[in-house]
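Undergrad: Could you have a look at this structure, given as structure tokens, before my questions?
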Amino acid sequence: MKSLVKAKAEKGIWLQDTPKPEVGHNDLLIKIRKTAICGTDMHIYNWDEWSQNTIPVPVVVGHEYVGEVVGMGQEVKGFEVGDRVSGEGHITCGHCRNCRAGRVHLCRNTEGVGVNRPGAFAEYLVIPAFNAFKIPDNISDDLASIFDPFGNAVHTALSFDLVGEDVLITGAGPIGIMAAAVAKHVGARHVVVTDINPYRLELAKKMGATRTVDVSKENLQDVMDELGMSEGFDVGLEMSGVPVAFRDMLNKMNHGGKIAMLGIPPQDVAVDWNQVIFKGLVIKGIYGREMFETWYKMASLLQSGLDLSPIITHTFSIDDFQKGFDTMGSGHSGKVILDWQ
């Protein structure tokens, strides 16, 4: 089958023919329709330090997808051939304390689809049926293909009550932009998004941000004054992994504020812990999606009128995958879709 493979321990990705995966007793065989390129895929493409320490070569990459069930193991229940599905890319063990307690997203033995097991950038994917999620008929293939990063946005944004709150989002990557759309949709008051990428900030504005701030040109405090904010932000969503952005967030939080952190900072980050202690801030780390509460929330948000369509800015045939990776790497895109049909 046609697959995108990290075939060499160097920059790049290669379209190759690989064997069709075998289906286990509890697995689904999914024929891929569309996939989306993730920031993780760009790390793997660029072969950075994280990738060199994490990715087995060769491996089929990719974990954002939608497809159709075309086969299943004999023990599978609840699915039928022809079902349209996406799926949770974190494959969990089922036997650790968190898994047995129902906190599956906190499994310490998690494997990643397209990271350390074969991924979705292929004509066919096999995953445990437990990890698959049926896509409602009124949600398009394009939107279904980005459920994985949309789930990161939903998990982060809905970690704390947002109704009537002022929300600061640092980092206008696709996940930060989708988080802004979610926050506004569920009733946040002011949703302010910071970054230094004008293209992405304009996209955030289209997706519902009250105000976008290019912090290389504007002062966040001036924007807060402009919005009539006298007490700081109630909720912070740190999506950038940039230390100076996190420090600025701590500085601008109201007393009793809550921060959800999805962005991954460098190993050593200096933090003024006095801001955390004396303001009584709560900081929560976010990894992936809650299984499967986040998935049901994603479907419900879209069915209740949340419009994510502007975040998908480019679509390429899989044969033009290089254009897709170049576009994603340019910083002048939202989500980039690869069409396998």
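The backbone N, Cα and C atoms fix where each Cβ goes, and this holds for glycine too.
What Swiss-Prot records for Thr40, His43 is active site, charge relay system, and it gives sequence analysis as the kind of evidence. Under the heading Zn(2+) 1 binding site, Swiss-Prot lists Cys38, His63, Glu64, citing sequence analysis as support. The feature Zn(2+) 2 binding site is assigned by Swiss-Prot to Cys93, Cys96, Cys99, Cys107, with sequence analysis given as support. Under the heading NAD(+) binding site, Swiss-Prot lists Ile175, Asp195, Arg200, Leu262, Gly263, Ile264, Ile286, Tyr287, citing sequence analysis as support.
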Undergrad: On a simple 10 Å Cβ count over all chains shown, which one of the recorded positions His43, His63 is most densely packed?
TA: His63
Undergrad: Under DSSP, is Ile175 (NAD(+) binding site) part of a helix or a strand, or is it coil?
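TA: Going by the DSSP assignment, Ile175 (NAD(+) binding site) falls within a helical segment, counted as helix.
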Undergrad: Starting from the Cβ centroid of Cys38, His63, Glu64, which together make up the recorded Zn(2+) 1 site, report each further residue of the same chain whose Cβ lies within 8 Å of that point, ordered by sequence.
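TA: Close Cβ neighbours, site residues excluded: Thr35, Ala36, Ile37, Thr40, Asp41, Gly62, Tyr65, Gly89, Gly114, Ala120, Asp148, Pro149.
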Undergrad: Among Ile175, Asp195, Arg200, Leu262, Gly263, Ile264, Ile286, Tyr287, recorded NAD(+) binders, what is the largest CA to CA distance in Å?
TA: 23
Undergrad: Express the distance between the Cα positions of Cys96 (Zn(2+) 2 binding site) and Thr40 (active site, charge relay system) as a whole number of Å.
TA: 26
Undergrad: Three states by DSSP: which one describes His43 (active site, charge relay system)?
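TA: Looking at the DSSP assignment, His43 (active site, charge relay system) belongs to a helix.
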Undergrad: Around the C-beta of Cys93 (Zn(2+) 2 binding site), how many further C-beta atoms are within 10 angstroms, looking at every protein chain?
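TA: Other Cβ atoms within 10 Å of Cys93 (Zn(2+) 2 binding site): 14.
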Undergrad: Three-state secondary structure of Glu64 (Zn(2+) 1 binding site) from DSSP?
TA: strand
Undergrad: Go through Cys38, Cys99, Ile175, Ile286, our binding-site residues, and report the one whose Cβ sees the most other Cβ atoms within 10 Å.
TA: Ile175
Undergrad: Could you state the CA-to-CA distance between Gly263 (NAD(+) binding site) and Thr40 (active site, charge relay system) to the nearest Å?
TA: 12
Undergrad: Work out how many Å separate Leu262 (NAD(+) binding site) and Cys38 (Zn(2+) 1 binding site) at their Cα atoms, rounded off.
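TA: With the alpha carbons as reference points, the distance is 14 Å.
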Undergrad: On a simple 10 Å Cβ count over all chains shown, which one of the binding-site residues Cys96, Cys107 is most densely packed?
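TA: The residue with the densest Cβ neighbourhood is Cys107.
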Undergrad: Select the closest residue to Arg200 (NAD(+) binding site) from the following recorded positions, measuring between CA atoms: Thr40, Cys93, Cys99.
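TA: Result for Arg200 (NAD(+) binding site): the nearest of the recorded positions is Thr40.
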Undergrad: If you count other C-beta atoms within 10 angstroms, which of the binding-site residues Glu64, Asp195 is the most crowded?
TA: Glu64
Undergrad: Within 10 Å of the Cβ of Leu262 (NAD(+) binding site), how many other Cβ atoms can you find? Include all protein chains, please.
TA: 25
